Amino acid sequence: MDLEHESKRPLYIPYAGPILLEFPLLNKGSAFSEEERNTFNLNGLLPEAIETIEEQVERAYRQFCDFHSATEQHIYLRNIQDTNETLFYRLLRSHLSEMMPIIYTPTVGEACEHFSYIYRRARGLFIAYPNRDRIDDMLQNATKQNVKVIVVTDGERILGLGDQGIGGMGIPIGKLSLYTACGGISPAYTLPVVLDVGTNNPQRLNDPLYMGWRHPRITGDEYNAFVEEFIQAVKRRWPDVLLQFEDFAQKNAMPLLSRYRDRLCCFNDDIQGTAAVTLGSLIAASHAAGSRLRDQTITFLGAGSAGCGIAEQIIAQMIAEGLSDEEARTRIFMVDRFGLLTDRLPNLLDFQSRLVQKRQALAGWQTESEGISLLDVVRNAHPTVLIGVSGQPGLFSEAIVREMHSHCPRPIIMPLSNPTSRVEARPEDIINWTDGAALVASGSPFEPVLYQGERYPIAQCNNAYIFPGIGLGVLASGARRVTDGMLMAASRALADSSPLARDGHGSLLPDLKDIQQVSRDIAFQVAKAAQRQGVAVQTSDEALLQAIEHNFWLPIYRSYKRTSF
């Protein structure tokens, strides 16, 4: 898209004076032109100098660097976002690799824990259970009228930090910031939402500054009815919206996705987004290791909704590569806190029961106890891939990693739990324990590892590589649903962008500086899949590419003309 041409298209604005300066989507600060200052009654409200956005970015970046903690930097960036969104996204675009860990993981975890302390200004919607009969009114109160993407959480399972109540709002805000920074979704079209159903976190309930509903979490039929009321209200207000479920507890995440995925355009990023980015990374890693995904034996530590969602996506890809469903499932070993999931374990959840190993098939295994531990699985199954989604730090021990490497010359190891404090193993340790042989991708950002004079880049298996492209593809195609085929297309497009798989060297995943183009590529493949599966209108490839560019918002200042309400 031609930035200069786009910037010449004027916007007609009914606001003026201090009100205009308080409108983050429209405020330009010191970049208002002389003509605009005269037209919109801004004279005297701004310093004399008229600046370019580049000059504003330079000042903002200097101020950013003056803060010495990541949390302070997070607060500073959020303040810019709440003051001047165009400047915020231009700043992110200029320093994305440096700032993504600040606006999202790992720093957003601490911001959620301290949400009620660092709260400055309202953003998004707080829909509390006591006000459940007024949800329609709340949606009408939203400052953005043409909402196209909603990210909603109930705050119960925030990253690996557990129940944060309304502090979980930091996650939808951060996710939508990445929809815009990485996927070009206009901030005018996005809305973060937290469903305040109480909290079971005693630290929040006993905190005099906690800003949420001070009540134990509602559950069961009351909870489900409340979510249903919210979904119905959203469908009435914005029937074509894309809704992303975010950080719901395991007991609710999969049931909500199953209940609503065929009723509106929605997906769960923890289950489907994590699965898609992990699958894309695994396809690329398999190619880099000289094999295919169908040839891998994969062990998971963590058998919750996220881990099982990843496993099901991997199985679907293995089937696409020629295995039967039964053959694919025998290659997947799910381990949780009780050990390997087998057909003899009681009280398994529905989505876990499809991923059990038959205990009879393990009769020849040598194990240390009746419960089959992760180390037992590694010793007997000889996995080539180890994936951590446990939320528990340090569980990929030296003994486990070395045992895996003794059977696999090029192990693929992915400690995906975040934030950084929850990672199953540090990439530096994995590289050392495997003598530099492992392909490593992590859930949180890590610096490259230096080992025996060689530099090993550590790919961050970040959902930001996937969900912005999915959102852009849905908007560009007008898709009515998010299908498994669309998610599979996103994974394959991500794998195709891997420098390591393509060139034989470099990182497993693209550099963040290229993420906007990656999002465009993913959006195109997602949109094509939507058309093939009948959930979007058929168009030519050229028309689809034009729609993607048309929907890709860029952080530039446009000229303003005065109009009336």
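Placement of Cβ uses the backbone N, Cα and C atoms for every residue, glycine included.
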Q) Given Swiss-Prot annotates Glu246, Asp247 as divalent metal cation-binding, which of Asp221, Asp262, Asp270 belongs to that site as well? A) Asp270
Q: Out of Glu246, Asp247, Asp270, give me whichever of these binding-site residues has the highest number of other Cβ atoms within 10 Å.
A: Glu246
Q. Between the recorded positions Tyr104, Asp270, Asn418, which lies closest to Asp247 (divalent metal cation binding site), Cα to Cα?
A. Asp270
Q: Only counting partners 6 or more residues apart, tell me which same-chain residues put their Cβ under 8 Å from the Cβ of Arg157 (NAD(+) binding site).
A: Asp163, Asp247, Phe248, Ala249, Gln250, Ala253, Asp270
Q. Looking at the recorded positions Tyr104, Lys175, Glu246, whose Cα is closest in space to that of Asn418 (NAD(+) binding site)?
A. Tyr104
